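Enquirer: Okay, these came from TrEMBL:
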type	residues	note
TRANSMEM	45-70	transmembrane segment
TRANSMEM	82-100	transmembrane segment
TRANSMEM	107-127	transmembrane segment
TRANSMEM	156-178	transmembrane segment
TRANSMEM	199-223	transmembrane segment
TRANSMEM	229-252	transmembrane segment
TRANSMEM	349-369	transmembrane segment
TRANSMEM	397-418	transmembrane segment
TRANSMEM	430-451	transmembrane segment
TRANSMEM	471-494	transmembrane segment
TRANSMEM	515-532	transmembrane segment
TRANSMEM	552-571	transmembrane segment
Amino acid sequence: MEMDTRSEHKESHNTNNVCDEEITVDWRGKPSNPNKHGGMRAASFVLGLQTFEIMGIAAVGNNLITYVINEMHFPLSKSANIVTNFVGTIFLLALLGGYISDSYLGCFWTVLIFGFIEFSGFILLSVQAHLPQLKPPKCNMITDGDQCVEAKGFKALIFFMALYLVALGSGCVKPNMIAHGADQFNKNDSKQSKKLSSYFNAAYFAFSLGELVALTLLVWLQTHSGMDIGFGVSAAAMALGLISLVCGTIFYKNKPPRGSIITPIAQVFVAAIMKRKEENPSDPQLLHGIQGKIPDANATTAYDVGHPHYTNRFRFLDKACIKTGAENNMNESAWRLCTVNQVEQVKTLIIVVPIFACTIVFNTILAQLQTFSVQQGSSMDTQLTKSFHIPPASLQAIPYIILIFLVPLYDTFFVPFARKITGHESGISPLRRIGFGLFVATFSMVAAAIMEKKRRVAAVESNEIISIFWIAPQYLIFGLSEMFTAIGLIEFFYKQNIKGMQSFLTAMTYCSYSFGFYLSSVLVSLVNKITSNSSSRGWMGENDLDDDRLDLFYWFLAVLSLLNFVNYLFWARWYNRSMPSVIDTKPEFDSKSVKANYVGDEMA
């Protein structure tokens, strides 16, 4: 993966050389005090919420397919799509949460309000699972599948209402609790910027700890005490998370909402379209908002001439800030004349979209581990001792057992060591971290395909049920992959030079999960349709893994993941070429010396 020192330096410049530190206030709306507010102490309360929230939602999501099949009596392929659509909706709604937070409520109030909505969804799920009147008659889907009555009408309505209350709450909470914790650090300060990187690793540690508890203790409770008890415990975990959030109120520094974040973006496109016939000026000094002397408008570098930085990318958008004779009046409508800073932020949004898109296939793989892999475990030998059987959904805890030890070691030893070599505050750049994770994810599907082939052959040809631990490698490999990709992506987006949109940018990373899970649903249906014939209903259409060909579907995803990694390499290099290089700022510029510095930087 060709991402050299220059590209890492570019990333560091783009993320840290932000215009000014944003204004922050305390819980009473007064200016925050750096000695009393913010820092890791304040962030630790948010980490508590992250731990308990993921504990509650993971216990529901990771074992939901078992409940949907065994209690609600939906067929396998439909159940898998219910789960993936539910998880996909959670992450799609993250965009709504990010927009509400940045525009109107701020992170704290958004998390608090939608946290209570998620809490109410957990309670309704528990009630629905407890009352027989709200479920179809009991039936064994394995032995009497054709006679089982699928949940419909009012029973299905209550179930989906509860499920999507959880989705709405969790979707709006997720990006804002990450952003609220990150807001406790000043990313313009070099020391705090390093702590910010450590916070992202700590956030993943909290995530791993919550997942581990959910996939062991809570899933065990669901299996042995009933799903109603399990859903009730998820509600209790969410309540503890909200308590943790509220307890840190006096320590937080909060970023006030800035009004609609969509309007400034729309203004750029409207103004650019209205001035589409205008010629881009040869002198960027004619653009609205440029201050100081600019040496060369044709260079691909950014210049510190006051604020903001002007770059020579996507020049069609520059038309939005071209000053004409009639627009020298400062009262000109913002829908006709935008600032360079406004245009540059829109350019940044455009340029990060391909990086975001490259993680969609990664999350499609994650969807399989929460659906079909759980069903694999259900058809295997789950006995650990004479009296103890492993819940199939608990296998997803395997990578998190490793990661709760690996993440602290990564942050404590690897990051300082790598920082000395690369000079990057995070040890390795977020782009490198994402790329490594995407590459490793391919091997998770390879391991899954090999194991499923072994399981199916043993069951069909030898009537043998192999141990559930055979599917552990695919979870372990993906867990390692997720540690790099997920946190690298959040750090990459949060540190982009777009003022006042950190929650929305963080939400974009969760939106990748959404598209990945929706793509999973599409691929399952499409592959079933393509592979079906007169004698078969497709690779995953028989509701019986011994008759299905899940191994071939896993091989298909492995190939798709490898192609996606190659695609990522292209867009990562394009991002580095498109982002501005770092130029030392001086009161006056000499165009020849600037060009010489840029050429030298290219050769570094």
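Cβ atoms here come from the backbone N, Cα and C positions, even for glycine.
Because TrEMBL annotations are produced automatically, they should be read as predictions rather than curated entries.
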Enquirer: Can we call the transmembrane segment (82-100) and the transmembrane segment (156-178) in contact, meaning three or more C-beta pairs below 8 angstroms at a sequence separation of 6+?
Expert: yes
Enquirer: What stretch in 45-70, 349-369, 397-418, 471-494, 552-571 has the biggest tally of Cβ pairs under 8 Å against the transmembrane segment (199-223)?
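Expert: Counting Cβ pairs under 8 Å, the winner is 45-70.
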Enquirer: Three or more CB pairs closer than 8 Å, sequence separation of 6 or more: does that hold for the transmembrane segment (471-494) against the transmembrane segment (552-571)?
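Expert: Since fewer than 3 Cβ pairs under 8 Å link them, the transmembrane segment (471-494) and the transmembrane segment (552-571) do not come into contact.
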Enquirer: When you look at the transmembrane segment (552-571) alongside the transmembrane segment (349-369), do they share 3+ Cβ pairs under 8 Å, ignoring any pair fewer than 6 residues apart in sequence?
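Expert: When sequence-distant Cβ pairs are counted, the transmembrane segment (552-571) touches the transmembrane segment (349-369), since at least 3 lie under 8 Å.
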Enquirer: Is the transmembrane segment (397-418) packed against any residues at least 6 beyond its ends, judged by a Cβ distance under 8 Å, and which are they?
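Expert: Those are 197-198, 201-202, 204-205, 208-209, 211-212, 214-216, 424, 426-428, 472, 475-476, 478-480, 482-483, in sequence order.
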Enquirer: Are there residues at least six beyond either end of the transmembrane segment (430-451) with Cβ under 8 Å to its Cβ atoms? List them, or say none.
Expert: 1, 3, 7-8, 11, 355, 358-359, 362, 365, 368-369, 373, 376, 470-471, 473-475, 477-478, 480-489, 491-492, 495, 551-552, 554-555, 557-558, 561-562, 564-565, 568-569, 572, 575-576
